Structure formats: structure tokens, C-alpha cells
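Annotated in Swiss-Prot:
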type     : residues : note
DNA_BIND : 154-213  : DNA-binding region
COMPBIAS : 257-278  : compositional bias 'Polar residues'
DOMAIN   : 28-78    : domain 'LIM zinc-binding 1'
DOMAIN   : 87-141   : domain 'LIM zinc-binding 2'
REGION   : 208-304  : region 'Disordered'
REGION   : 363-383  : region 'Disordered'
Amino acid sequence: MLLERVRTGTQKSSDMCGYTGSPEIPQCAGCNQHIVDRFILKVLDRHWHSKCLKCNDCQIQLAEKCFSRGDSVYCKDDFFKRFGTKCAACQQGIPPTQVVRRAQEFVYHLHCFACIVCKRQLATGDEFYLMEDSRLVCKADYETAKQREAESTAKRPRTTITAKQLETLKNAYNNSPKPARHVREQLSSETGLDMRVVQVWFQNRRAKEKRLKKDAGRQRWGQYFRNMKRSRGNSKSDKDSIQEEGPDSDAEVSFTDEPSMSEMNHSNGIYNSLNDSSPVLGRQAGSNGPFSLEHGGIPTQDQYHNLRSNSPYGIPQSPASLQSMPGHQSLLSNLAFPDTGLGIIGQGGQGVAPTMRVIGVNGPSSDLSTGSSGGYPDFPVSPASWLDEVDHTQF
């Protein structure tokens with residue numbers, strides 16, 4: 001603001017000071033004394049002696065311009081130093097006429113914008129790192145310090161424990177894995193190691209024991225599960241091998257689910273013998289039977305036992321399939337039943353078996369009708385199932 005100089009003895013000065021002829025003498029705002037000088041300085045409606053209007057910081061007399069904050073007045077430089085923008089490095093105010101440097105939101109003097117390590121002033125285009133406390137580090141010094149820190153961390157000093165010291169610590173650990181403070185102090189005095197070294201050694205030892213126990217339990221259970229997996233794998237491979245062998249044997253037999261007549265010969269007790277001298281009902285030995293054999297005739301007992309699982313000839317699955325055999329001759333007409341409790345009654349002429357009945361003494365009876373080739377609803381599909389319906393208790 002501009003200072004206003006007023007003369008006290010003229011009407012003009014009275015008008016400038018705002019007086020209307022009042023005999024009241026103004027009082028100085030600096031020394032609180034009445035102003036009887038020829039000239040009076042006026043700042044914000046306050047009157048000053050010429051010698052009392054000074055800068056609050058540098059005490060220089062203010063003649064033309066001054067800056068006020070509260071009850072204090074300042075010169076231009078001191079006002080901006082105190083209340084203006086401050087440098088982030090030196091924390092001093094920056095006058096508005098000076099050239100500054102900026103880094104993000106921080107403002108620096110030109111001479112303060114320098115590396116804190118090498119003290120080199122940074123110019124436009126230089127690369128630098130801005131630290132958290134607003135300090136500046138040039139790129140070369142930053143990378144050097146970082147590399148030095150990494151090397152010091154990698155080459156930290158290691159404590160060497162002798163064999164005697166180690167033996168003492170092991171004995172103490174066997175007595176108490178977690179010793180009290182006075183025990184650690186005693187061990188420190190005995191071994192000559194630092195208290196911190198003794199404490200860290202016990203901590204590492206306890207962690208190692210815990211890790212070894214955990215690893216041992218994991219290995220035990222791992223071996224157990226591996227054995228279980230191996231045993232399951234072996235059993236599964238056995239089942240797979242059985243299943244793989246099954247289709248090979250099934251491919252060689254026409255009817256796989258039914259027992260062969262040779263097996264029924266001795267197990268069921270119904271067909272006890274089969275020979276050439278057995279009585280034949282309704283046919284001769286020279287005629288073609290149910291089996292289309294190359295030499296012709298009825299199969300003998302030795303030939304019949306050769307009908308095994310690897311034979312291309314199979315046993316008919318149901319009585320309905322007998323109608324499709326050559327000559328439509330019943331298979332049961334070629335078999336002899338020496339047991340007295342079971343008989344076969346055939347009706348019809350030679351080579352023709354229109355109807356037959358299997359009669360058991362005390363067992364159930366069923367009719368076989370050859371009137372059609374569509375099948376027999378009274379009997380199930382398997383010959384073993386309907387042959388087993390005969391009561392075996394009487395035999």
C-alpha cells in the first residue's frame with residue numbers, strides 16, 4: 001500500500017488526514033505518543049511518526065510502500081518471506097519476482113534445486129528421484145546407493161559358533177527347549193555369545209524340530225496313501241485283465257450264458273450217460289441228428305464231451321430253436337434217461353415229433369407245442385432254467 005504523508009499545519013493536510021478543524025492531536029500507532037511533527041504518515045487509518053514506521057523484521061524505515069498483516073507492517077521482501085510461497089528445500093519464502101523450480105506440488109529456489117548427495121544443481125532435462133521428504137537425488141547417486149544397500153544386505157555378518165559352544169547349547173536345549181531369561185544369560189556368559197545370538201539359536205532350533213516332525217508325519221501318511229493307491233491299482237488291473245479276457249472267450253462260443261450239455265451231464269443228474277446203445281425214439285442211428293456233423297450220425301459220448309467252450313458248435317438256447325435244426329428232430333429224442341422217475345413219451349412217426357411231454361413222478365409237468373416256430377411262452381429262454389424246474393429231490 002502507498003503511504004500517505006500529511007502536514008499538520010495547513011488546511012490541505014487537514015483534509016487529507018480527514019480532520020474537520022478538530023483540535024484533537026493524532027496519536028502514533030507505533031509509540032503511542034501525540035504527533036506534533038510537521039508530517040504524519042497514515043497507514044490503514046492509523047497515524048505514524050516518520051521514524052516509527054519501520055519493517056517489523058528488518059527494521060528498515062518504510063517510505064513509499066509497506067505490507068501489513070495484523071498490527072505489524074513489513075517491507076516487500078520480508079512480507080513474502082514470511083507469508084509467501086516457501087521453498088520445499090530451505091523452507092524460506094520465495095519472492096514473486098524470483099525464478100523457481102517445480103517438482104510435482106513442491107516449489108524450489110534455483111540454488112535449492114540440487115542433489116542432496118553430490119550437491120550438484122539440477123538443470124532442465126536432468127533425471128532425478130523425488131524422495132518422500134521432498135528431497136532430490138540425481139539418478140546416478142540413487143542407483144549407486146541402491147546397489148550399495150543390496151550388497152550390504154547380501155554380505156551381512158554371520159555368527160560363527162564353535163563346536164564347544166554348540167555342544168553347550170545342545171545340552172541346554174535337551175534340558176529345556178524354551179529356557180528362561182536367566183538361563184540364556186548364563187549360557188551367554190558360558191559360551192561368550194551375545195544374548196541375542198543365544199535367543200535366535202533356540203528359536204531356530206525349535207522351528208527346525210517342528211519342521212522335522214511335520215515332514216516325518218507327511219512322509220508316513222504319504223507312504224500309506226501310496227501303498228493304498230498301489231493296491232487299488234493292482235486290483236483294478238486284475239479286474240481289467242479279467243474283463244479283457246472275457247470277450248475273447250465269449251467270441252468263441254455261440255451261447256455264453258448257458259452251461260454246456262457236457263457240464264450238465266455230471267452236475268445236474270438228469271443226463272447221466274450218452275452212448276450209441278441208448279434207445280432212440282422215432283429215428284435210426286444213421287439218420288442226421290440235430291448236429292450237422294461231417295461224418296453224419298449221432299454224436300458219441302466222446303464226441304459229445306469234445307463240445308467245449310472253444311467248439312464252434314453250441315447248444316440251442318431254447319426249445320424254439322430246435323425247429324430250425326435240420327430235419328426238425330428234437331434233441332431230447334436222442335438222449336436216454338435211465339432214471340425211473342423221469343420218462344419221455346413221444347408221439348408221432350419217425351422223424352416227426354409233433355408233441356412231447358416231459359413227465360416227472362412228483363415234479364411239475366409242462367407241455368411243449370411245436371405247432372408254431374414262434375417260441376414257447378411256458379418256458380424261459382435258458383434251457384438250464386426250465387430243466388432245473390424238475391424236482392431233483394426224488395433222484
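Cβ from N, Cα, C; glycine included.
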Secondary structure content of the domain 'LIM zinc-binding 1' (28-78), with strand meaning DSSP E or B: 3 helix, 19 strand, 29 coil
Integer mean pLDDT for the domain 'LIM zinc-binding 2' (87-141): 87
Tally of DSSP helical, extended and coil residues in the domain 'LIM zinc-binding 2' (87-141): 3 helix, 17 strand, 35 coil
Per-state residue totals over the DNA-binding region (154-213) - DSSP helix, strand, coil: 44 helix, 0 strand, 16 coil
